[in-house]
Amino acid sequence: MEEAKYILNNPSLSIGTEIVMLVTSIVGLFFNGLAVYIVHYKLKSRNACIWLMSIVGIADILVAIVIIVSEFMKFATNYRILDNNTFCQYSGMFLMLLTMTTIDGVGLISLIRLLSITMNIEIKSIYWYMAMGSVFIYNIVIHILGVVNNIMRVMPSQVYCMAMFAINDYAKTFAILFLTKFVVMIFIIMFSYICITITYCRIISPLNSKYTSNECFIGNSCSVEFQKSIVFKLLSLIIMYAFCFFPQLITVLYNVATNTSRTPYSDAVIGITMNLTVLVNAAFVLFYQKEARKAILSMIPNWICSDNRSQKCMAMDDFDI
């Protein structure tokens, strides 16, 4: 007897979303693998930031693997696996748990940099490890209880499983616990890099008039261009994370406040933008840490990427990120 087929309500939307998420995950798997390799084998520093970057990279690798494996299981079963409650519960749990872990890691790294750059405050690494361990345990507990209470469901786009926030009493509690920390971490990330950007502008601007000798004007480089590049990098990071997080945040808050469900199209947008965090986090680890960036450049052949450090204002090097 032929098994019943799983019917996709909007095949073009579901398959298109799956393709984008699958490609993003494969590319993210490569770049996060590179990030973890560089953090472990190329960097001399072993401070809290470096270890948290490693955790973020590993968690993103696992996120990518969960998505890739889930997609292949759906293709192999002609989507019938979506009717399997066990698959839905555990794939949803791991996807949400690991994604939240990467956000927590980036949030703590952002807070470390905020305190260090804007307030010149250094906190011992052990306290950051304890903080990361605490939020990770928090994530594990609320998600395991979510599986026990059967709150994971196939989402409207029919691409992945996640928690439904109003199907039972624990789902409502989970929504409060999950959203509270999600909002806090997003606020920390955005607030930290906005403050860091303002601080860099205040620090570097007075130097523009100080370093006007020939050593700071070689070729087309000068302190003004350096300042612009730093601000551009920081603003780019803020925009990238806003693009990843805000669709999910706005939609979930709206649905919870109005007691409505998200539409298939909004769900597809949320899935794609949240999945992009595996790429943004890889860029965060590889290009927003000076030592990691130097390690990448050292791996590129000279005929592809020449070293332009000699063409920059060396007096500004201490202010680079």
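Positions of Cβ are set from backbone N, Cα and C atoms, glycine also.
Caution: TrEMBL annotation is automatic and unverified by curators.
Copied from TrEMBL, the annotated features are:
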type	residues	note
DOMAIN	31-288	domain 'G-protein coupled receptors family 1 profile'
TRANSMEM	19-39	transmembrane segment
TRANSMEM	51-73	transmembrane segment
TRANSMEM	93-115	transmembrane segment
TRANSMEM	127-148	transmembrane segment
TRANSMEM	174-201	transmembrane segment
TRANSMEM	234-256	transmembrane segment
TRANSMEM	268-288	transmembrane segment
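For the transmembrane segment (19-39), the partner stretch with the most Cβ pairs below 8 Å, chosen from 93-115, 174-201, 234-256, 268-288, is 268-288.
Highlighted: of the candidate stretches 93-115, 234-256, 268-288, 93-115 has the greatest count of Cβ pairs under 8 Å to the transmembrane segment (174-201).
Confidence over the domain 'G-protein coupled receptors family 1 profile' (31-288), given as mean pLDDT on the 0 to 100 scale, stands at 87.
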